[in-house]
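Asks: Just dropping this structure here.
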């Protein structure tokens with residue numbers, strides 16, 4: 001299967017870093033040798049593996065607060081503040097050396113990019129809730145397979161939104177993931193956890209698949225907003241700008257989840273639920289010791 005090379009649009013050229021000299025300089029240092037990128041990959045890998053296991057363990061041991069689980073998925077956004085502060089002070093020092101009159105901007109985001117990022121953050125909040133709802137009724141293995149279909153949705157929406165061409169590898173991935181999800185659907189209920197009704201299982205199945213589809217749409221929209229910002233500003237998307245985007249998304253999604261918790265009065269129920277889970281855990285340990 002031959003793949004045609006598509007010329008980059010001006011937005012994509014600005015998004016990718018401009019001219020050939022910048023690309024040549026970037027290619028001289030592989031990404032795997034960049035310690036910042038390596039640390040980000042490691043943190044993402046740890047979170048991707050441990051997050052679903054911890055959330056599922058919470059539901060298995062009597063937890064039932066879906067909005068709380070939704071909030072925890074983005075509540076760690078303050079961890080982005082230290083690197084952003086370091087970047088700001090470094091940028092301000094360079095700006096003082098170059099120009100004594102102009103002050104370094106507090107943020108690299110434009111108004112349009114900020115509005116687009118807030119909208120994406122709200123969508124991420126909805127995605128987090130759908131994922132939390134599905135994980136409450138599905139095994140981790142089934143949930144992970146359904147979430148992996150996000151790659152297929154991303155490939156389709158990238159074609160529609162960003163005009164990315166399909167490759168032989170992306171086509172194979174889309175076919176395999178769709179077939180895998182279809183097989184799970186045909187065998188629906190075969191891996192249903194104890195205490196979960198068939199209606200709850202199918203609702204969790206549909207919501208998890210819906211969260212994967214929505215996230216597959218969000219990623220191309222994020223790339224499009226960044227490409228448009230780079231084209232208007234005439235500068236490539238930097239690591240600091242990406243951190244700012246992630247922080248705004250985290251703040252917006254966390255605020256969305258907090259409102260959901262307030263409406264459902266989950267803040268008042270956290271202490272009661274924790275005491276109930278703690279007492280039931282202690283009773284189990286005592287019963288095991290007597291046996």
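Glycine is no exception: its Cβ is also placed from the backbone N, Cα and C atoms.
These came from TrEMBL, pasted as-is:
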type     : residues : note
REGION   : 1-22     : region 'Disordered'
TRANSMEM : 37-59    : transmembrane segment
TRANSMEM : 71-90    : transmembrane segment
TRANSMEM : 111-133  : transmembrane segment
TRANSMEM : 145-162  : transmembrane segment
TRANSMEM : 169-189  : transmembrane segment
TRANSMEM : 201-221  : transmembrane segment
TRANSMEM : 241-263  : transmembrane segment
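What does the local environment look like for each feature on the list?
Replies: Remote same-chain partners of the transmembrane segment (37-59), defined as residues 6 or more beyond its termini with a Cβ less than 8 Å from a stretch Cβ, comprise 31, 69, 72-73, 132, 135-136, 139-140, 143-144.
Counting only same-chain residues 6+ beyond the ends of the transmembrane segment (71-90), those with a CB under 8 A from a CB of the stretch are 51, 55, 104, 106, 124-125, 128, 131-132, 240, 243-244, 246-247, 249-251, 253-254, 257-258, 260-261.
If you look at the transmembrane segment (111-133), the same-chain residues 6 or more away from its ends with a CB under 8 A from one of its CBs are 55, 66-67, 69-70, 73-74, 143, 147, 203-204, 207-208, 210-211, 214-215, 218, 221-222, 225-226, 228-229, 232, 245, 248-257, 260.
Sequence-distant contacts of the transmembrane segment (145-162) (same chain, at least 6 residues past either end, Cβ-Cβ under 8 Å): 12, 131, 134, 138, 170, 173-174, 177-178, 180-181, 184, 205, 208-209, 211-213, 215-217, 219-221, 223-224, 227.
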